[in-house]
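Colleague: My structure is below; once you've seen it, I'll send some questions.
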Amino acid sequence: MNARHFLSMMDYTPDELLGLIRRGVELKDLRIRGELFEPLKNRVLGMIFEKSSTRTRLSFEAGMIQLGGQAIFLSHRDTQLGRGEPIADSAKVMSRMLDAVMIRTYAHSNLTEFAANSRVPVINGLSDDLHPCQLLADMQTFLEHRGSIKGKTVAWIGDGNNMCNSYIEAAIQFDFQLRVACPAGYEPNPEFLALAGERVTIVRDPKAAVAGAHLVSTDVWTSMGQEEETARRMALFAPFQVTRASLDLAEKDVLFMHCLPAHRGEEISVDLLDDSRSVAWDQAENRLHAQKALLEFLVAPSHQRA
């Protein structure tokens, strides 16, 4: 299969990724100015959701509509995948009917197997390992507010989860230093750490991670599928709550990001999203525009670019 996919930040070169987030800024500006731009007219995106989502569905569906195309939502119950059809068989059929497929799933291997058997681009809308579309939005948001992130320091506070893994990949591709503050036993995937080398540092003190940082980011302490661990995680992660006082330790122009949904009073203080240093709402909106840039890159013929 010759289709180009987006399963990981490592699938593209640093220049390609930078081009995507810059294109996201341009497409956002087109939308603000009310200019019609429909390079994906008559194109159809299939969206397979094994994990539910608000932002992922809205951003991809609205993005396809804004670019002139359409999106079809499929829950796990709506396909034969939910009844035991092999992933490879589903991929071969769906990719004959669609122009691209976005999958939000649990096991990352579901994505890689689907992509290996697909004629059309496959996009990782989230897996247990990675969340690369969110990192496109995060990098676009930093670019809009502060310019290049190259050489900056980013602090990730909390669970070494899929978002943290994607931040590690972003540190490699966008050339910034990443400090990860997490409890022992909740570190990010060692394979990603090995790939990043000296770009990533694991610390146990969240204050040390935040000190002098240009960007601070976090996520929920208990992800989907981990509900039975909630009580234990709440106790272990309590010292890792990000607050306004936390941001006071960072650079004066620090930005705070959260991929949302946020649990106010848990991983963040109740008032943090309302702090002037928080750009979480811009970050959420930029899922739409960064993913439009990705869809255009993967699906639209080059001669249709504005």
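For all residues, glycine too, the Cβ spot is worked out from N, Cα and C.
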Colleague: Can you find which of Asn162, Asn165, Asn286 Swiss-Prot lists as binding L-ornithine at the same site as Asp219, Ser223, Met224?
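Modeller: Candidate listed by Swiss-Prot for the same site: Asn162.
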Colleague: Report, in whole Å, the straight Cα-to-Cα distance of His131 (carbamoyl phosphate binding site) from Asn162 (L-ornithine binding site).
Modeller: 6
Colleague: Using only the residues recorded as binding L-ornithine (Asn162, Asp219, Ser223, Met224), report the maximum Cα-Cα distance in Å, whole number please.
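Modeller: Site span for L-ornithine, by Cα atoms: 12 Å.
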Colleague: Could you check which of the binding-site residues Arg55, His131, Cys133, Arg287 is the closest Cα neighbour of Asp219 (L-ornithine binding site)?
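Modeller: Minimum Cα distance from Asp219 (L-ornithine binding site) across Arg55, His131, Cys133, Arg287 lands on His131.
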Colleague: Other than Asn162, Asp219, Ser223, Met224 themselves, what residues in this chain have Cβ atoms within 8 Å of the centroid of the L-ornithine site's Cβ atoms?
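Modeller: Here the non-site neighbours turn out to be Leu126, Asp128, His131, Asp159, Asn161, Met163, Val220, Gln226.
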